[in-house]
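Listed features, source TrEMBL:
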TRANSMEM  B:12-31  transmembrane segment
TRANSMEM  B:38-58  transmembrane segment
TRANSMEM  B:97-115  transmembrane segment
TRANSMEM  B:135-160  transmembrane segment
TRANSMEM  B:191-212  transmembrane segment
TRANSMEM  B:227-252  transmembrane segment
TRANSMEM  B:264-287  transmembrane segment
TRANSMEM  B:339-361  transmembrane segment
TRANSMEM  B:417-441  transmembrane segment
TRANSMEM  B:511-532  transmembrane segment
TRANSMEM  B:544-573  transmembrane segment
TRANSMEM  B:585-604  transmembrane segment
Amino acid sequence: MSALLRLEGINSFYGPVQVHFDLNLAVEAGQIVCLLGGNASGKSTTMKTVLGLQRPGSGRVWFDGAEITGLPTPQVIRRGIGSVPEARRLFPAMTVRENLLMGAYARSDRAAIAADEERVLGLFPRLRERLGQRAGTMSGGEQQMLAMARALMGRPKLICMDEPTMGLSPLFVDRVLELIQAINREGVTVFMVEQNASLALGIAHYGYVLQTGRIALQGPAGELLRDPRIRDAYLGGTARDGGDAG
Amino acid sequence: MSGAWFDYTVNGFVIGNIYALLAVGLALIYGVANLVNFAHGSVYVVGAYTGWAAITYLDTPLPVTLLCVIAVSALVGVGIERIGLRPLHGSSRIAPLLATIGIALVLDQVLQLLFTPDPRAVPMQVPEWRVAIGGGTIGALDLLIAGIGMISAVVLYSFLRFTKLGWAVRATAQDSDAAQQMGVDVNRVNMAVFAIASALSGVSGVLVGMYYNQISTAMSFEATLKGIVALIIGGLGNVPGAIAGSLILGLTESYGIALFGTSYRNLFAFVLLIAMLVWRPNGLFAARRSLPPEPMTGTFIARSRPVAVPRWAVAAMIAVAALLPLLDQPYLLQIGANSLMYAMLALSLTLVAGTVGQVSLGHAALLAIGGYASGLLAMDAGWPVALAIPAAGLVTAALGTLLVFPAFRLTGHYVSIATLGIGEIVALVILNWTGLTRGAIGLGGIPPLEVFGIDLGSVEGTYWLCLAVLVLLALLQLRLLRSHLGRTWRAIRDDPVAARSYGVSGDRYKALAFGFGGFAAGISGAITAHAYSYINHETFGASISILALTMVILGGLGNVLGAVLGATLLIALPEAFRFLAEYRILIYGIVLLLLIRFRPQGLMGTV
């Protein structure tokens, strides 16, 4: 069976610096797949490559059976990819409702958008209380929920999340992880980038570990959680040099 | 008396509405593209002439006239976005600003070639009745302008609030990356915004034409400036703020005229601009007082390796230049002397804009200060010319630094706008301070160049003096650039925060740069004044500031030899092709556009 999202032989560059070295990665439909790695390992660049925000030097990106390498971001989005950007990136001066409807910007089926708004608000009841409030005035956790809800409004087949738990209080981290699972249960495939390996692997089906632009490890999430190398580097096992995400 | 005040209020309100049509567009463009569009006033003139042409040749009724104006202006706006903004995606923030200056030069010159610089009268399309109210009067045109202003505001509000494209505009203004990730095509949004903004600007132009019953190609620059002032009062990118700022500006000008007379009108506008930039750079209505986080920083320095020119080659060039008078070609020498005077100005600007990264758009004001200082010292104080010139350099260094001092904490676009405003203020003070400067009459009979009895008033003499001074200034500047001071300047340009954290006080070093730059420019202005024997407040206008900037970019920002080369090429080449004289400004504009797009490092490379 072919994967929903596939990156093949990606070499990407940031100015003169090479970020990815022959990166290969696949996200199977219906799963939660996480990409782990420390700072400057190339995680965020992977996200940008998928979303068309950065063009790889070489290699190809496939989504839903078609090549999307080098497509402009708006067209990538229109093919069925939703984005929850790093640091959320809401439209702070727009209301919660306007932010949600911006998520459906690429769609024109008004009735279905209204129905989706109801469905999404059912999933995030807290947002319903705040529909008229400016997005910038909400707490970090609420903003994260809005960012996820906004991405869902595009009815994506795949949602890309860049560090969804970053900067949240522990209470909200659990809530966000539950919501990611809930989204996934509704049939949306999730590809997430995370620094917090144990949390991400706790809900994911499959995981990749990125180290200085190369896939160092991959496997089903359960196996990775038990893998001593992961535990050493990311889960605070026996201390070893180079674990920068402890 | 109260009737007169009523009239001034109506007048201020009407002018305010006209400014609002300009400023709202600037705010929209700034919002989505982070760009202060310097071609905005040119579109306003395009609108005015389109209206004039439609009425004159097609005999259109008012609504059709307005439709023509809207269509043509919107098209020009789309063109500006395609040429000035889209291809520069990924360059530094100041690059599109400079590109719009280039586009403005081109548009203005094209209009001038099409319609001649002579003013035209726009036929009145509104009944000429006036109603008396409370001692004053209101006319049909006043009501029309106010009506169009308000209708535009309502339409714009509804567009932003209730249409999908309007939402995309707001989303892009708040976070264009995030908007793209919602599927918004930012290029389309930019294009739509330029079309809307330009249509409003064009309408503003034709209304002004009717209000003053006169249009000319020269009104473009002032329109851009007034729009920018209103924009800054309201806060960059703030659309309702721009409307309020425009009304404040219109009323301030109108009451200012009432109290002090017409020639003070623009002075009020620019003093208001500088006051806002110094005390409330985010506008009257911003909640936060600090400068916005870093969206406008970044100089127009394209990293490059400067072209290495061996010492003997430089020495040979100086020798050839020194021997040029032996050819006995007075016309050639005249051009040569002119190039050398511009080269001194370019040296000064390349230091300030290139080495320190403060893109000044008012540099010609330093020439004016130097010229007036030297002229007045020689004429009124009876100083010998040979002393007056260096003294003028010192005066310019001090005064120039002092004037720009309040703007030191500003960055990026704000610096360019502030220096532009300061430049205009200097010209206006010269115009209005009649007691010292003789006002509009100008300084006539400035004594010719001489050094301790040796007459240098001849073409050869002027040329040799300019060459000697230029070589001295250039050597001094090169020496400074190689020193600790030069490194510190570049550090402040490349990363002001890092420089500050190493204990480098940016202000002091910026002051040193403006001081040295002011000295060189002041000397240039002083020599020019003695060589011309007559100067007035318009001799050193904004167009010279823009020309100097083009020279400096052509040569390579920060590059001393490049500045001299840029000045020589831009002064000498149009002379060499005399048949092109009419298209001079057009050529400058195109050169500027091509450089920004294809060779931002200039001919000699940046330093």
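Cβ atoms are placed via backbone N, Cα and C, with glycine included.
Proximity of the transmembrane segment (B:264-287) to the transmembrane segment (B:339-361) is not established, fewer than 3 Cβ-Cβ distances being under 8 Å for residue pairs spaced 6 or more apart. Here the transmembrane segment (B:135-160) does not lie next to the transmembrane segment (B:585-604) in space: the count of CB pairs under 8 Å, restricted to residues six or more apart, is fewer than 3. Counting C-beta pairs under 8 angstroms (sequence separation of 6 or more), the transmembrane segment (B:544-573) fails to reach the transmembrane segment (B:511-532), with fewer than 3 such pairs. In this chain, the transmembrane segment (B:585-604) does not touch the transmembrane segment (B:191-212); fewer than three CB pairs sit within less than 8 A of each other, excluding pairs fewer than 6 residues apart. With pairs at least 6 apart in sequence, the transmembrane segment (B:227-252) and the transmembrane segment (B:585-604) have fewer than 3 Cβ pairs within the 8 Å limit; the two do not touch. Highlighted: of the candidate stretches B:12-31, B:97-115, B:227-252, B:339-361, B:97-115 has the greatest count of Cβ pairs under 8 Å to the transmembrane segment (B:38-58).
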